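In what follows, a single structure is set out as structure tokens and then discussed.
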Amino acid sequence: MQQTKKLTQSDIIIAVMSGPFLQRGEPALISKWYRTKMALANGVDLVVELPYVFATQKAETFANGAISILNALRVSEICFGSEDGQIENFYNTISIQKNEEETFNCLVKQFMDAGNSYAKATSDAFSHILTSEKNIDMSQPNNILGFQYMKAILSQNSSIQAQTIKRFASHYHDETFNDQHIASATSIRKQLFSEEGSFTTIEPFLPQATTSLLANYKQNYGILHNWEQYFSFFKYRLMTMSPGDLRHIYEIEEGLEHRILSKIQNSSSFYSFMEALKTKRYTWTRLQRACTHILTNTTKEDIRSANIEQHAPYIRLLGMSQKGQTYLSKNKKKIELPILTHTKTFDHVALDIEKKANSVYFSIMHEPLRTQLLKQDITHHPIRYDETTTKFL
């Protein structure tokens, strides 16, 4: 956050944040409302939600949704972390892919026909057409997402300028703490769910407000969310589904339904299920996203009806600082998408899917807490934060 402000000299910071389920295809550790508080306490001025129909997708769709929201909010610059750290290299890579598009697409098909996943085939295709050091490594996850952000800016004819910050010390998929002060989200999650894990062990790697809110959520609700807590419900869902039922679920294709129904029979945990399910053809993340859609009963027809090829259909405002509120007031008439401060009255397929995902997310809570949280999520107004007093209003 500090590097972003320094690099962009921004007046305000806007964060587009996933809701209950993440792009990796797993439940968020804590609710979006607690994560909104974390963002506001650490310098963000506006927090808006990336709808489920974008948030649980491949990088290209994820980026398109995020950029369409930021474009509607009339931001001038975006800033993303990357393994490369040089924005010029992203522009070079985009230019080369555009010039070599026919060759690139043929290579992707060739590598997929050899049994590789789409992600691996794409990475290998890039390695064939990119020969200069002034290009990015498209096997790295943050480079991939940054590349898609920039492609989305171009495809949407946006005036947004892009900046990138190099990630140091910790890589996206690192499962252990490799540095005294910097850790990946993956390693922090793994530590929290390990037998020896505690909030004390992650304190050196997180802002104090973030650690406090994590501990507060665990104290108030008794849990931190991960896939294992949903496994019983997930397995029940699959045990009551036929291959035909499963084929209707979004991202279930190429006969994957038969493999899923076969492997669930003898799986006693989500991890053991995933270990049995994974193949060269499908990445772990891709399979987790498919599992998320099974869990939330998100069908191919749901996604088609949401019409996500264009742009986000609305902006759900989750939180704002005093500066953020002033910015919205000044620019509200220029913002073309509807801004939702609650979801009681707005009607859209994407929002129906969002509500369903929230219901599933809170399903592991005990009653009456579960019903209370679901009701609050619909009626919850944006969290307000006074950055001068550092108090929530």
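Each residue, glycine too, has its Cβ placed from N, Cα and C.
The secondary structure of Arg167 (ATP binding site), as reduced to three states from DSSP, is coil rather than helix or strand. The Cβ of Arg167 (ATP binding site) lies under 8 Å from the Cβ of Gly81, Ser82, Glu83, Gly85, Asn142, each of which sits 6+ residues away along the same chain. Taken from Swiss-Prot, the feature ATP binding site applies to Gly81, Asn142, Arg167, supported by sequence analysis.
Binding residues for ATP (Gly81, Asn142, Arg167) extend across at most 9 Å, taking the greatest CA-CA distance. In the three-state DSSP assignment, the secondary structure recorded for Asn142 (ATP binding site) is helix. All protein chains shown were included, and the count of other CB atoms within 10 Å of the CB of Asn142 (ATP binding site) stands at 21. Counting Cβ atoms from all protein chains shown, Gly81 (ATP binding site) has 17 others lying within 10 Å of its own Cβ.
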